[in-house]
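Visitor: Sharing the features that Swiss-Prot gives for it:
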type: ACT_SITE; residues: Glu357; note: active site, proton donor
type: ACT_SITE; residues: His388; note: active site
type: ACT_SITE; residues: Lys514; note: active site
type: COMPBIAS; residues: 541-553; note: compositional bias 'Basic and acidic residues'
type: REGION; residues: 527-553; note: region 'Disordered'
Amino acid sequence: MGSDITATPAWQALSRHHDEIRAKDLRGLFADDPTRGTGFALTVGDLYIDYSKHRVTRETLDLLLDLARTAGLPAKRDAMFSGAHINTSEDRAVLHTALRLPRDASLTVDGQDVVADVHEVLDRMGDFTDRLRSGEWRGATGERITTVVNIGIGGSDLGPVMVDQALRHYADAGISARFVSNVDPADLVAKLNGLDPATTLFIIASKTFSTLETLTNATAARRWLVDGLGGSAGQDAVSKHFVAVSTNAKLVDDFGIDTANMFGFWDWVGGRYSVDSAIGLSVMAVIGRERFAEFLAGFHLVDEHFRSAPLEANAPVLLGLIGLWYSNFFGAETRAVLPYSNDLARFAAYLQQLTMESNGKSVRADGTPVSTGTGEIFWGEPGTNGQHAFYQLLHQGTRLVPADFIGFSEPTDDLPTADGTGSMHDLLMSNFFAQTQVLAFGKTAEEITGEGTPPNVVPHKVMPGNRPSTSILATKLTPSVVGQLIALYEHQVFVEGVIWGIDSFDQWGVELGKTQAKALLPVLTGADSPAAQSDSSTDALVRRYRTERGRTA
């Protein structure tokens, strides 16, 4: 049997402490410590992180840090950074942090100079995107490229989509990006709508160049391009309108892409950790190699903080442990991520894959069952949209939902308010600060009664407060800050995975469904009535589908 973290004295001490503290509220904690608002906060790079509105005391944090040490967090963190094979089920190193090492750094893993490999790919990406952005790279008809379409799925899509939207203000070369992921043809059709084949370039992002959804979309895109250009130009166009992010040179060549325009990455990069690799080629095409370097530098800044800061002043460690505190001791199952920036509209969706694919595991790294809940469920929408949708549940519902608020002092865009005298960004951020305040401190029946509210309405207006949140405030949404935010959450995922004893870097749970889909496709499309399926529900669904498609049921 593997080591059971819940059987350790550190876990049991936390359990006893939870019994003692769970009745305390944030009003009382702030009243007891007038300096709490600044004492439970720290600055990492451009991020000011306020964790004072959490249901924790100094003792809570000390006990959580004892748990981290009991689980061997410092040694396991060092093992990750050094290139040890901590992805045990696949016997792989986990080196997304190497993707943002500076050129003069040194890291050799399994006999390979990792830093040299990373920068060789970055240099090739930079040279390619320089040609694209300057207009030197031309399509088959001699026109310059104005749109790149990234075709990928999962980590090959969610990261680039999110970062492209977040950094839209840094698009400075007349190139825009679109993203196709879903095998539903509606996705590709919508994204190609209005595009000119002569000025469109496709990036096919698939490590193996065999991902079903990606290759299906890529083949349809190739047909659209060839048909759109017509004649000999269409037949010869693939090499000038398609590039690949892959490691399978043979299949890339078979598709018609010049392997000189293939950008690779490595087995030690998981898809959900890959936006700062060649998977970010579409981002670099839009914002340029210098801004992309700033993006990588933001990651590296937080990497170095996570690697070297004392545990008690280490932002990813503290935030990861606080997330685990709610998940395992308060029974909270979800965490809301609420960016007060419309440019971060896809950040919660990006974090869903990062966190839930990483820590959605029911066995420990040694294959034995876990003894406690794992994997926070992440969700969210930008403020203030969420305030008019689901904040009601956050404020007055029966479920505890810790929330992360992310905001910026300087806007990427600003407009005057209705009377022409104020700033819409100030209005946005007043909501940010108000929501964290009301979640924490609420409003009592006595306060509401004192305002003259009818007695029968008072219970409906009571805001219980004591709803925890983290506030992350940065000066402005820049390439570096986006990198810092991503790394902050990457390392929280690692911290929680270490405590739970799971492998946060495999994803076997996604495989069986893909295999079964391949088996079911001929059942859906075959000319003859299919054999009965193994369960009556699937059998009935398949037959109804075939009937509605005009096929023999």
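Cβ coordinates come from backbone N, Cα and C, glycine included.
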Visitor: Any idea what the Cα distance is from Glu357 (active site, proton donor) over to Lys514 (active site), rounded to a whole Å?
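Guide: Distance between the two Cα atoms comes out at 15 Å.
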Visitor: Return the single residue from the active-site residues list (Glu357, Lys514) that has the minimum number of other CB atoms within 10 Å.
Guide: Lys514
Visitor: Please report how many Å separate the Cα atom of Lys514 (active site) from that of His388 (active site), as a whole number.
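Guide: On Cα coordinates alone, these residues lie 37 Å apart.
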Visitor: Counting only residues 6+ apart in the same chain, whose Cβ is under 8 Å from the Cβ of His388 (active site)?
Guide: none
Visitor: What three-state class does DSSP give Lys514 (active site)?
Guide: helix
Visitor: By DSSP, what is the split of the compositional bias 'Basic and acidic residues' (541-553) into helix, strand and coil residues?
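Guide: Summed over the compositional bias 'Basic and acidic residues' (541-553), the classes give 8 helix, 0 strand, 5 coil.
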